[in-house]
Amino acid sequence: MTKAMTEPVAAPAPGKQKFRLARYQDLALVPVIVLLLVVGAVLSPIFLTPANLVAVLTQQSELSLLVLGQAMILVVGKMDLSLESTVGLAPALAVALIIPASSGGLDVGLAAWLALPLCLLIGVAIGGLNGFLILKVGLSGFMVTLGMLTMLRGLQLAITEGKSLIDVPESFLYLGSATWLGLPAAVWICVVCYAVGIFVLKYLRAGRSLYAIGGNSEAARAAGIRVDRVVWTVLVIGSVLAVVAGILMTGRLGSVAATQGEGMIFQVFAAAVIGGISLQGGKGTLFGALSGVLMLGLVEQILRLQGVSGFYIKASYGAVIILALIVTRFATGQKQE
Amino acid sequence: MGEFAAVARGVTKRFGRTLALDDVGIEVRAGESHALVGRNGAGKSTLVSILTGMRAPDAGEVAFFGEPAPPVADSAAWRRHVACVYQKATVVPELSVAENLFINRQDLGGGLIRWKKLRRRACELLETYDVAVHPDELVSALTVEQRQLVEIARALSIGSRFVILDEPTAQLDGPAIERLFDRMRSLQDKGVTFLFISHHLQEVYEVCQTVTVYRDARHVVTAPVSQMSKPDLIEAMTGEVGGLTVPSGDDRPSSAEEVLTVSSLSGDHFSDISLTATRGEVIGLAGSASSGKHEFAETVYGLRKPSAGSISVDGAPVRGGDVPAALEAGIGCVPRDRHHQGLVLDLSIAENATMSTAGTFVWPSAQRAAGSTAIASYDVKAAGPDQPVSDLSGGNQQKVVMARALAGDPSVLVLINPTAGVDVKSKESLLGVVDAQARRGKAAVVVSDELDDLRVCDRVLVLFHGRVVREFGRGWHDQELIAAIEGMSSE
């Protein structure tokens with residue numbers, strides 16, 4: 001017998017920890033964000049004012065919740081395209097079940113206080129249904145959620161007959177319009193959600209299992225992780241976060257637009273990938289994803305303050321995302337898959 | 001003959017700070033089967049990548065049949081000189097055998113693909129090399145053996161007369177290995193040269209004429225196989241005198257206390273198997289690839305659902321088909337394939353080692369400490385617990401899988417191919433762990449094709465077509481065990 005030990009031996013005392021770049025991969029975008037702040041300040045005197053920065057945060061709060069959900073779903077090795085139509089449908093359906101037909105509702109007449117719980121429940125149902133189709137029936141996640149994306153959007157148009165719902169219960173508008181301790185409630189909600197998410201994915205066994213599943217689901221199963229249960233839970237959480245984003249958006253705008261959330265999914269993926277989340281699963285952190293969101297928000301605000309024409313802002317936004325991907329590619333030194 | 005099929009001289013290759021090859025060479029005579037052996041990390045794979053034009057060396061030169069090697073960019077020219085059958089398939093699974101044989105030259109030089117002609121040419125090619133595979137079959141439907149033969153036929157059809165076989169036997173069972181060797185011999189008679197890489201030294205003696213040994217990125221020796229005894233060879237590989245020392249465990253204390261009881265268990269590919277293991281007992285399960293031994297072991301660990309029968313640990317029944325329940329009951333497992341089931345390659349050593357046992361909260365410092373303990377306890381060669389397991393050599397990766405299996409201090413260990421694809425030293429240390437764990441009162445079931453793994457066992461059960469056909473106590477002879485595995489039981 002050679003070096004195989006009979007008893008586990010004490011680990012050698014760790015020497016002085018060497019500085020390892022890999023450990024700080026998370027922070028790769030921080031210098032870019034600082035740079036954007038400097039550029040913004042140079043280009044526009046009002047850029048660094050609290051009002052402007054709070055505006056950026058508020059604008060990005062809804063997107064950031066979607067990115068949070070999508071990032072977890074991507075880490076676990078799946079994707080959910082239907083998040084963006086969940087943003088619209090869940091509030092629309094919940095509100096329609098409460099308001100009378102004269103305001104565009106379904107004339108069911110449920111109590112107004114039910115709006116929020118009902119809306120969250122719809123999110124749970126959508127995520128649960130996605131999970132059922134992907135995990136139990138064994139369908140392609142991409143196609144299922146693409147189908148769901150189209151179906152939910154259509155459903156919203158059918159329910160509201162293509163109109164915005166203006167007669168929204170007061171309780172439903174509160175979160176998106178309230179201010180707590182000087183900051184919009186939406187910003188606080190995002191901060192809390194991210195803080196919880198970052199903690200769970202780093203310090204809880206359940207959170208770490210997301211990386212194991214995304215990295216090698218067979219190995220995760222052999223290690224005793226209940227893979228299907230975890231993936232299902234993550235899909236439900238993703239949908240619920242999308243619903244929360246929808247509630248905040250409704251509150252901010254005061255109504256449920258027929259196109260609420262439309263086109264967001266592209267930004268969601270862009271922010272996640274810029275933030276270092278791998279589309280192949282198993283890689284990336286929520287902090288990274290959050291910095292991706294902030295980076296996009298700052299770029300958008302700089303463009304807006306520069307008075308880029310509305311006709312061009314969409315094109316330039318797409319160009320900026322590709323540029324951001326290139327910058328990130330070299331800032332992190334990692335190929336994006 | 002005197003001519004060399006392949007020559008490499010003064011080859012040096014660095015990857016960052018690691019020196020993968022340090023001024024090494026190899027001379028492969030035309031028409032011979034030349035073995036390249038060495039421990040994991042000796043530089044074999046790097047040499048293969050240089051000999052096949054996948055990587056350019058930092059220094060040194062390569063020549064085929066006296067001609068200097070083409071530049072790395074000209075992959076077509078490389079393929080005319082040399083072909084390599086890797087452990088990982090280089091065929092496209094969802095395309096037919098015929099198309100794979102002529103991949104990227106499907107038009108046969110004509111501009112348009114004529115499928116009938118392609119199919120006919122594939123038929124001829126398969127016939128020439130006596131490969132019994134239908135050209136319309138999808139490659140994904142082939143066995144590993146058939147797939148390798150298709151790859152060899154493709155290589156030869158391109159015109160290469162020098163074939164590198166990188167651990168071709170790793171995924172084959174006994175009879176298939178014999179058939180591969182027969183084929184190598186007959187191709188050799190036709191003038192084909194082989195460079196053969198394997199961890200099974202016995203195979204080197206069976207099929208090769210010359211052997212080259214690398215150790216720690218350096219060339220150690222090249223000699224005719226007939227002049228190297230097995231201990232000499234092992235000494236050259238490890239740099240230490242004395243061959244493989246597997247703990248036989250003859251003096252392990254025995255106990256009457258039953259830990260694992262499996263009664264009339266049936267499931268995928270096996271039926272009605274009962275066994276009991278007592279504290280300190282190591283039971284070997286042998287059999288061919290189709291014997292059902294893997295499926296049996298995976299069912300005990302809950303990776304598969306049993307169709308009948310029961311499993312209990314320390315008298316308490318374990319829910320079937322439920323890995324968390326098996327872990328809870330005190331069963332630890334080294335699964336069949338470390339890449340497929342054993343490890344999450346991008347995650348750190350610490351995280352992999354603690355994956356089955358982490359509590360609700362995972363504190364990075366505690367996890368790192370557990371990783372360091374695993375590194376020290378199981379002799380893992382690594383920079384530290386934060387290193388991703390993808391950086392480690394095969395033997396060290398397997399030690400991490402072993403660490404994970406043992407992390408929860410289980411009372412029963414199920415080890416499936418625990419030393420597959422690892423070098424001699426790692427094998428010694430892994431089997432040492434098994435022996436040590438048994439001495440601490442654990443029961444172990446070792447499923448393996450390798451006789452060295454079975455030597456650590458107190459008894460060996462041989463499975464054939466899903467049933468236990470023979471049982472050996474200690475002191476079995478290689479021949480009788482192999483005969484029983486092949487179904488030639490002479491009882």
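Positions of Cβ are set from backbone N, Cα and C atoms, glycine also.
Here's what TrEMBL has on this protein:
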type: TRANSMEM; residues: A:27-47; note: transmembrane segment
type: TRANSMEM; residues: A:53-75; note: transmembrane segment
type: TRANSMEM; residues: A:87-106; note: transmembrane segment
type: TRANSMEM; residues: A:112-135; note: transmembrane segment
type: TRANSMEM; residues: A:142-159; note: transmembrane segment
type: TRANSMEM; residues: A:179-201; note: transmembrane segment
type: TRANSMEM; residues: A:230-251; note: transmembrane segment
type: TRANSMEM; residues: A:263-279; note: transmembrane segment
type: TRANSMEM; residues: A:311-331; note: transmembrane segment
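If you look at the transmembrane segment (A:112-135) against the transmembrane segment (A:230-251), you find at least three C-beta pairs under 8 angstroms, all six or more positions apart, and that counts as contact. Highest Cβ pair count under 8 Å relative to the transmembrane segment (A:27-47), across stretches A:53-75, A:142-159, A:311-331: A:311-331. Counted over residue pairs separated by six or more positions, the transmembrane segment (A:179-201) shares at least 3 Cβ pairs under 8 angstroms with the transmembrane segment (A:53-75), which defines the two as touching. Remote same-chain partners of the transmembrane segment (A:311-331), defined as residues 6 or more beyond its termini with a Cβ less than 8 Å from a stretch Cβ, comprise 28-29, 31-32, 267, 270, 273-274, 276, 292, 295-296, 299-300, 303-304. Between the transmembrane segment (A:263-279) and the stretches A:53-75, A:142-159, A:230-251, Cβ pairs under 8 Å are most numerous for A:53-75.
Through the fold, the transmembrane segment (A:53-75) approaches residues 83-84, 87, 183-184, 186-187, 189-190, 193-194, 197, 201, 210-211, 214, 234-235, 237-242, 244-246, 248-249, 252, 264-265, 267-269, 271-272, 275, 277-279, 281-284, 286, 289-290, 292-294, 296-298, 300-301 of its own chain, all at least 6 residues removed from its boundaries and within a Cβ separation under 8 Å.
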